[in-house]
Amino acid sequence: MRLILFNRNAFLLACMFVSSVYANAVLDAYAVENPYITITLTSLLAPLSMLAFLKTPRNSAFALGFFVGALLFYWCALSFRYSDFTYLLPLIIVLVALVYGVLFYLLLYFENPYFRLLSFLGSSFIHPFGFDWLVPDSFFSYSVFRVDKLSLGLIFLACIFLSAQNLKKYRMIGVLLLLGALDFHFFKISDLKEVGNIELVSTRTPQDLKFDSNYLNNIENNILKEIKLAQSKQKTLIVFPETAYPIALENSPFKTQLEDLSDKIAILIGTLRAQGYSLYNSSFLFSKKSVQIADKVILAPFGEIMPLPEFLQKPLEKLFFGESAYLYRNAPHFSDFTLDDFTFRPLICYEGTSKPAYSSSPSKVFILMSNNAWFSPSIEPTLQRTLLKYYARRYDKIILHSANFSTSYILSPSLLGDILFRKRS
């Protein structure tokens, strides 16, 4: 009996499932900025994820999930390069893949196409250990199709009919279903004037130097340099990435310098905040010598929090996060910042790709700060932007993103209109 993990057909189906993500990763790697190339490729490849999901036989379901988990989320293990547990990197990739193998086995347990339709649409609600980056809906972020559940259901039905044995009989139905899922506002470009005078900083701070105290002076000088450059451009707000200032800012003399500079330009910066024995991943907004603070609400599973029962959580926190009494804590709710008449919601990395951040917010504009150096080089920045674009379109939001070790950008709620700021060398 052939080992199911080495089923070649399952691997090819997994490649079909993730093809739109990898195609966009290649475009990002070669800095291809023509949006019509991205839209054409995504519109053709994203439905293949549905076709792979539909056609995988039950005895290959586990293998499909295993390969999808490895192909989409191998980068989760790359952060171990900066720990004392580098040797665990291959094991982490395999463990992640096994989790998604089990998940897909359950999702594809029945081969009935309408069961597969419901399980595909429901898969984005299933978050193993709180990790919510498997959102197949987001594969359509840069496609000509709408990204709501109804439209995705129509596309899946079209896949059912167009892949039927009696194609001639069902071809017209399939085509009509695809037409029904089209976004007929394809050529609409959203007005981004509200955020046109904001400077998004892309930094290149290596992860192995970021928390080195000997490198702090260099980080401070680069921050001051970027602020002065933004002032010369007459920008009203400058945005730095997550933990751009990598130590607790509140008790640092550098805070006074930022307060003084905020007389002429507002400064939004990612940093850390200590309160008692709790550590918060925070964003500070300096304006007119005053400061607003928002702490991260949704912590990254296994990176900032152990999503496990307490009897496992405590020893693993001690093992991976060290003997320090300081542990990451989260804020109880999201906060919005107000800058004159401009209101926006600040988000920090992982929480920016989570549905709760968008579904309950009256804010039109979201500003996200990320440190992607943990996972560079990998497909993580592409997958992140795919998810962010999905939420921008799904909830009609404008998302600004300032990142370390990846591209900074402004995402439009319409299909067209994104503005990318390529990372500096």
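Glycine is treated like the rest: Cβ placed from N, Cα and C.
The transmembrane segment annotation in Swiss-Prot covers 10-30 (among others) and is backed by sequence analysis.
If one looks beyond the transmembrane segment (34-54) by at least 6 residues along the same chain, the residues whose Cβ comes under 8 Å of a Cβ in the stretch are 13-14, 16-20, 23-24, 27, 64, 107-108, 113, 116, 119-120, 136, 139-145, 155-156, 158-160, 163, 415-416, 418. The annotation transmembrane segment is assigned in Swiss-Prot to 34-54 (among others) on the grounds of sequence analysis.
Among the features that Swiss-Prot reports, transmembrane segment is placed at 60-80 (among others).
Beyond the transmembrane segment (88-108), the same-chain residues lying 6 or more positions past its ends with a Cβ under 8 Å from any Cβ of the stretch are 53, 56, 58, 61-70, 72-74, 76-78, 80-81, 116, 119-120, 122-123, 126, 128-129, 134. Annotation comment: Swiss-Prot describes 88-108 (among others) as transmembrane segment, evidence class sequence analysis.
Per Swiss-Prot, transmembrane segment is recorded for 120-140 (among others), and the stated evidence type is sequence analysis.
According to Swiss-Prot, the feature transmembrane segment maps to 144-164 (among others), an assignment based on sequence analysis. Packing against the transmembrane segment (144-164) from elsewhere in the chain are residues 39, 43, 46-47, 50-51, 54-55, 113-114, 116-117, 120-121, 137-138, 170-171, 173-175, 177-178, 180-183, 186, 390, 393-394, 415: each is 6 or more residues past its ends and has a CB under 8 Å from a CB in it.
Residues or ranges marked as domain 'CN hydrolase' in Swiss-Prot: 201-425.
Taken from Swiss-Prot, the feature active site, proton acceptor applies to GLU242, supported by sequence analysis. Under DSSP, GLU242 (active site, proton acceptor) is assigned to coil, being neither helix nor strand in the three-state scheme. The number of other CB atoms found within 10 A of the CB of GLU242 (active site, proton acceptor), across every protein chain shown, is 26.
Under a cutoff of 8 A between CB atoms, and with a sequence separation of 6+ in the same chain, the neighbours of LYS296 (active site) are TYR280, ASN281, SER282, GLU304, ASN330, ALA331, ILE348, CYS349, GLU351. Residues or ranges marked as active site in Swiss-Prot: LYS296.
According to Swiss-Prot, the active site, nucleophile annotation covers CYS349. The Cβ of CYS349 (active site, nucleophile) has 27 neighbouring Cβ atoms from other residues within 10 Å, across all protein chains displayed. Following the DSSP three-state reduction, the secondary structure of CYS349 (active site, nucleophile) is helix.
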Same-chain residue ranges lying at least 6 outside the transmembrane segment (60-80) that approach it to Cβ under 8 Å: 4-7, 9-11, 13-15, 17-18, 21-22, 52, 86, 88-90, 92-94, 96-105, 107-109, 133-134, 302-303, 374-376, 378-380, 383
